[in-house]
Every structure is written in structure tokens, then in C-alpha cells.
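Engineer: Quick one: structure below, then a few questions.
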Amino acid sequence: MSKIDRKAYADMFGPTVGDRVRLADTELWIEVEKDFTIYGEEVKFGGGKVIRDGMGQSQASCADTPDTVITNALILDHWGIVKADVAIKNGRIATIGKAGNPDIQPGVTIEVGPGTEVIAGEGQILTAGGIDAHIHFICPQQIEEALTSGVTTMIGGGTGPATGTNATTCTPGPWHIQKMLQAGEAFPMNLGFLAKGNASLPTALNEQVEAGALGLKLHEDWGTTPAAIDCCLTVAENYDVQVAIHTDTLNESGFVEDTLAAFKDRTIHTYHTEGAGGGHAPDIIKACGSDNVLPSSTNPTRPYTVNTVDEHLDMLMVCHHLDPNIPEDVAFADSRIRKETIAAEDILHDLGAFSMISSDSQAMGRVGEVVCRTWQTAHKMKVQRGPLAEDSSYSDNFRARRYIAKYTINPALAHGIAHEVGSVEVGKLADLVLWKPAFFGVKPSLIIKGGAIAAAPMGDPNASIPTPQPVHYRHMFGAFGRACTGTSVSFVSQAALDAGIAASYQLERRLVAVKNCRSVKKKDMVLNHYQPVMEVDPETYEVRADGQLLTCEPAEVLPMAQRYFLF
């Protein structure tokens, strides 16, 4: 058999088993664990290449072949890091395997036909579209910003730049829920809306879930009392929807122990569980040790840097409608920003005790930075703590799988949508993102939404080729018309689906009911299910997990930052 040297092979077909790939300009390296190809039988499109009639392309009918095949992509997902061809059919991932023409090639599991489009994945990393589960829907322009960062599902609440939305992730009341579902039809993004959950009696909460909310949100600015927590979780149990909570920073109606007791062992998603984004001061971070608590971070504290504390004070005053001239408001802001708990948050992510990362968009978080800040955190921990026990000095596969799970499969599991999205797995929506390794986590090269290309960096439309400047992200055909409504979904409660809101609201896009929201537990958070016994010193704010002091230095320089951005 003819041989080719490893570098030439990687240049032609992408890395193979044993090769390592650096993620952007971080100190993180991933190693190819498996390659589905058969050496010498790789398929590649182009002039003089393999995918031509009678060669790598068969004569099979369109019914028997995929709509699209992504060739030779390096898949990075929670379940592994493998090289494969990926077939897409009817907007879903159909096969992960070996593409080609079975009439002349061995081992083909994806038959390429005349009806098959090709996306070249050689030398690129393929991930699932990100899921941002903490969105303040303050402006619709957030959606394009998120999409072009690699996010394809947004969950949260809001009605636009209303004062309530600026502070809380709630879409309150059936009328607003209807309007937000109708507005969502225009965007190439899966959407789900959280209704206001702050009530001590269930009637209004029932009405909102039945109107189309996929879950409920408890926020301290609306009064997150033990009575409201208990009522909200009782309604959620009845409808199988998730509850997200921003707890009581001021400890007005109880302390963290009272809030945990009000949960009564029922599952809940705790937003910004460190506390800078809000929550019992100074010890809401303790919640990450409970089996029924699904803890997440928001990205302004990811990772801990020399600028984190100073930046947060001004952000908090604006977002929560506070007055710098009122001493009590300033004290409220000061109580939430603690360098000790923010530093501990870095380590708790690295240990897998914090399970998810989201944005808190325009309300102390940046909607386009969920992906890059996740990987900045992973990099900082690699530099400061060294390889994880499951990794080696050669590669960081386990750490990479742990961190990608934080914005893909785990928020999907937490909110009952993992049967549709959250991973590169057969049967799920083809919400996929391609990255050149040098730009991984920063600037995607292609965003595929429900099997259609929704956005990509594109050059001058009047140029003779696609690449001349100015190159910037633009919506592609998958973002327009009925292609847009046909390739994205809105997530709602089963009760809303049964009530027929699709017809009564005159919605075109597919509605999908969330499920298994009440049975998911911390142990189900993939690669992020550590439940330490947490202690916080009320005077010094020192944090301990299972008796170990958690502290680290702030970063002075980060990768995936000014090297890639002008602004």
C-alpha cells in the first residue's frame, strides 16, 4: 500500500488518530480518538477529487442518500473526539460514519448521491450548536449576535427593553408569551420562553405555562420568598417544566438554607450560582452541592480576571435599577461582588461541580461570548492547575469534553430539550457549527441550523469569488422565509401544545414540548456532576469544597481575546 506522511495527510484530509489539534490560541490540545474513514478511501469534493459521478458519488436516488454530507470533520462533543463524515437528512443528523459510493468502496455507511450537497469539513472542528439558557430578551439583535458566536438555542424571558426585562428573565402573562412566540418566527434560532414564577398562589402560573412558556423563572426583584419558591415548583411538577431561580441576595425572606429547604428536593436550575449575578450573599455557592440543584454560571465572571470585580459594580447598578446616590443600593451591589467566590467558581467548573455556562445577555452578561468564555475558563484552569487526572500532558480531551458539555448537552438536559438538541448525535436536529482550529470558540466558519446554512462569514457579494473583503457575518438562505421557520423550533410546555397554541397563535414553525424536566438531577449533568460539601466563611468569604480551600489568582492575560477582535 502507498504511504503518505502524517503532515501531508492532515493537510489533505484533516487530522487522524493520534494527531493533536490546538484550540485557538489556548493551551488546550485535543487528540483524535477514532477515525471512521478507511485509509485510501477518503472522500473529498473538488476538481479532480473523489466525489464525482461513478467515483465517490453513486447513482442512488435522493430518497436513499443524505441531503448534505460534511466530510472528514473532527467532531468535538461530550461523548468523544472523533474524525468522521456526517450525513444530514430532512434537517436532522442521519449518520456519523464513512461517506462514499458503496458500489466501488468498502465500509461505506453514508451513500453520496446526485442529490447530496457537500460541506468540506477537512481540517475543521464540528460541534453541536450552543445552548444559552439565561437570556434576557431585551433586543432582537441579540439573536444574530448569539448565532454568529455558535449558539443555536436561546432560553430565557423578556418582552424587549422593559424595565422588568432589563433585570429579570421573565416573559410575564399569556399576551406577552404569545407575542414573543410570534416574533420568534422571524429568527433562525430555537427559542423557549420562561414565564414569571413569582407568586404564592398557582392560578396565574398555570395560565402562563398553558399559554406557551417552557418553564418558570423566580427572580429576587419580583420577590423570591420561600412561599413563591414552593408554589412555583409545585406548578412545575404538575406540568413537567423547569424552574430557574435567582435567589434572595439580601437574605430578606430567609438565608440560603431556607431557600434550599423550600426546594423540598425538587429539581431547580440555579442561575449564576456563584452569586455575583445575584443570590444569597455570601454563600449561594453552597447550592452546587445538592443533588436537586442544577448549577450554572453566567459569563461575566468567566473566568476570574484582574478586571472582573471592578466591571461588575457598574454593571449591577444599571441592570437592577439601582441608584448610586442611595447608600442601601450601593451596599446591595457591594454585597454581591466577592473576589473569593468568583475565584472558587473557576475551580468548581474545573472539578465539574458547576454544570452549565450561559450569558445573562445585556443584564450583566454578553450574549456573544458564552462559547469563548467557557474555553477561556478551561484554558485558565489548565495553566493554573495543570492537566486533569483523566488527561495527560499530551492532550486535554477529558477537560475539553467537560467544558463543551457546559453549553451543549447539560442545558439541554436541564430544560427538557435534549431529545432535540444539545449534541452531535443521530436523530437530533442538525444544529451544527464548523470551526477552523485557529478560530475555535471565537469565530465560526459555518453555522448550520436544522440542516440549512443559516449564517457564515462572507465577503463582498459583488466580488468574483466569496472571499474578498469586507468579510463579515451575514445571514444565509437558511435564515429567510419559510426555510427559517422550517429549520428552527420553539420549545413550549406539553400543556400548551395540547391546548393548540400553534393554531390559535397562527404559528408556522414547529413547536416541541419539553419533557423529563422534573426527573433530571445533578447526577445527570454529563461530566459535571460532582456534589461537594460546600462551606463559605461569612467573614472572609473563603470557599471550601469537601474541606479543600478553593482559591486561584486572577488572569492578567487571556487567549481568544484581543488577538481576534478589533473592539
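A Cβ is built for glycine as well, from the same backbone N, Cα and C atoms used for every other residue.
Sharing the features that Swiss-Prot gives for it:
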ACT_SITE  His320  active site, proton donor
BINDING   His134, His136, Lys217, Asp360  Ni(2+) 1 binding site
BINDING   Lys217, His246, His272  Ni(2+) 2 binding site
BINDING   His219  substrate binding site
DOMAIN    129-567  domain 'Urease'
MOD_RES   Lys217  N6-carboxylysine
Engineer: For the recorded Ni(2+) 1 site formed by His134, His136, Lys217, Asp360, which further same-chain residues have Cβ atoms within 8 Å of the site's Cβ center?
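Structural biologist: Near the Ni(2+) 1 site, the remaining chain residues are Ile135, Gly156, Gly157, Thr168, Thr169, Ala244, His246, Tyr271, Thr298, Ser358, Ser359, Ser361, Ala363, Gly365.
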Engineer: Would you mind reading off the Cα separation of His246 (Ni(2+) 2 binding site) from the residue listed as 'active site, proton donor', to the nearest angstrom?
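Structural biologist: About 13 Å separates the two Cα atoms.
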Engineer: Please work out the mean pLDDT for the residues of the domain 'Urease' (129-567).
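Structural biologist: Mean per-residue confidence for the domain 'Urease' (129-567): 96 out of 100.
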Engineer: Between His136 (Ni(2+) 1 binding site) and the residue listed as 'substrate binding site', what C-alpha distance do you get in Å?
Structural biologist: 12
Engineer: What is the total of other Cβ atoms whose distance to the Cβ of His134 (Ni(2+) 1 binding site) is within 10 Å?
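Structural biologist: Counting Cβ neighbours of His134 (Ni(2+) 1 binding site) within 10 Å gives 32.
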Engineer: Between Lys217 (Ni(2+) 1 binding site) and His272 (Ni(2+) 2 binding site), what is the CA-CA distance rounded to a whole number of Å?
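Structural biologist: The Cα atom of Lys217 (Ni(2+) 1 binding site) is 13 Å away from the Cα atom of His272 (Ni(2+) 2 binding site).
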Engineer: Other than its own, how many Cβ atoms are within 10 Å of the Cβ belonging to His272 (Ni(2+) 2 binding site)?
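Structural biologist: Counting Cβ neighbours of His272 (Ni(2+) 2 binding site) within 10 Å gives 27.
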Engineer: Determine which residues of the same chain, besides Lys217, His246, His272, have their CB within 8 A of the center of the CB atoms at the recorded Ni(2+) 2 site, and list them by sequence.
Structural biologist: His134, Thr168, Thr169, Leu218, His219, Glu220, Ala244, Ile245, Thr247, Thr270, Tyr271, Gly277, Gly278, Gly279
Engineer: To which of the recorded positions His136, Lys217, His219, His246, His320 does the lowest count of other Cβ atoms within 10 Å belong?
Structural biologist: His320
Engineer: Distance check, please: Cα of the residue listed as 'active site, proton donor' against Cα of His219 (substrate binding site), rounded to an integer number of angstrom.
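Structural biologist: Their Cα atoms are separated by 11 Å.
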Engineer: Tell me the Cβ contacts of Asp360 (Ni(2+) 1 binding site) under 8 Å, same chain only and six or more apart in sequence, or just say none.
Structural biologist: His134, His136, Tyr271, His272, Gly277, Thr298, Asn299, Pro300
